[in-house]
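Visitor: Take a look at this one; I'll ask things after.
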Amino acid sequence: MIKKIIKYYSKKKHIMCPDIYIGKGTVALLFFITLLFALAIWWLNHDLSLVDFWKDLPVDHKIIELFCEKTEMKKVVRQPVNTFSGIIYLIVAIIILKESQKELKNSSAEKQNKENLIHKIFFAFILLYVFLACTFYHSSLTNFAFKIDFSAVYFFSLFPITYLSYLWLLTNNPKLSDISKKSVIIAIYSVYLIVCLLLSFSVPKGKEHIVSFVCILMFFAFAITILLKNPKKENVNYLVSSIICTIVALVWLKLDKHTFMCNPNSYFQPHSLWNLFIGLSGFYFYVFMRNEDNPKKYLT
């Protein structure tokens, strides 16, 4: 299985490095933000005036046991490595926003790409929410932050389903006017927001992982449907990459829970690799959207 995947990617090297030119200014900005975030974590954890910052907020100690990383309960950032790894979501969000800004300014950009801007920008803001939720949760480990973190998981995992559903609606209604398309977008994202909010605050405690896994399985089902309908379409290769990154992320999440290869004091933490590969999954799904030329080709 692994050999087949390696062979597949060796034939399609551009999948690993999509045709996105990230300027030196953006690279410098991302490096500066990453460094600033790391320094902020270090400073907060060494400021004695902030000791026991979260002490008045309830914590479920069973949740803490799910992670390999050593938890510093008296510090502001209780899990610094897991917290820092969430920077990947911010990085991908900034890349999406920068690329969308360029597309908006480029008068020669394809009409279809400009029409897709709303989806890409929406996804960028979801990633920003995931970054904030991840930072809040691994910093505080409080019960409320736990809810917010899973809320972000629902928003992230259900977005691809929403977008692919939009493609399906366009496929089955090829004569929709621009006004009708806008109405469809408003309707489908309204449903998406309502479902995500309901899941965020109504899922019984202890069932969050099950619901999240079901959401991910639904994404796989929708994505595989597209792959089976149009396996030779170049664009779906990025969707394959998104699926593979999600599977790898799930493996690291499982390893973290079972403390395999666990060293609580290490800068290498399985959960941080979960964040990394979920972030990469989001990046490849963005590239899938970015390279969309005609949604009618996917499901016909």
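For all residues, glycine too, the Cβ spot is worked out from N, Cα and C.
Owing to the predicted nature of the structure, the values given are computational and were not obtained by experimental measurement.
Below are the features listed in TrEMBL for this protein:
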| type | residues | note |
| --- | --- | --- |
| TRANSMEM | 21-44 | transmembrane segment |
| TRANSMEM | 80-97 | transmembrane segment |
| TRANSMEM | 117-138 | transmembrane segment |
| TRANSMEM | 150-171 | transmembrane segment |
| TRANSMEM | 183-203 | transmembrane segment |
| TRANSMEM | 209-228 | transmembrane segment |
| TRANSMEM | 235-253 | transmembrane segment |
| TRANSMEM | 273-289 | transmembrane segment |
Visitor: How about long-range neighbours of the transmembrane segment (150-171): same chain, 6 or more residues beyond its ends, C-beta under 8 Å?
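Guide: The answer is 119, 122-123, 126-127, 129-130, 132-134, 181, 184-185, 188-189, 191-192, 195-197, 199-201, 203, 208, 211-212, 215-216, 218-219, 222-223, 226, 242, 278, 282, 285, 289, 295-296, 298-300.
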Visitor: With CB pairs under 8 Å as the measure, which of the listed stretches 80-97, 117-138, 183-203, 235-253, 273-289 comes out on top against the transmembrane segment (21-44)?
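Guide: Highest pair count goes to 80-97.
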Visitor: The transmembrane segment (117-138): which same-chain residues, six or more beyond its ends, come within Cβ distance under 8 Å?
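Guide: Sequence-distant neighbours of the transmembrane segment (117-138): 77-79, 82-83, 86-87, 89-90, 92-93, 96-97, 99-100, 103-104, 145-146, 148-149, 151-153, 155-156, 159, 163, 166, 185, 189, 275, 279, 282, 285-286, 289-290.
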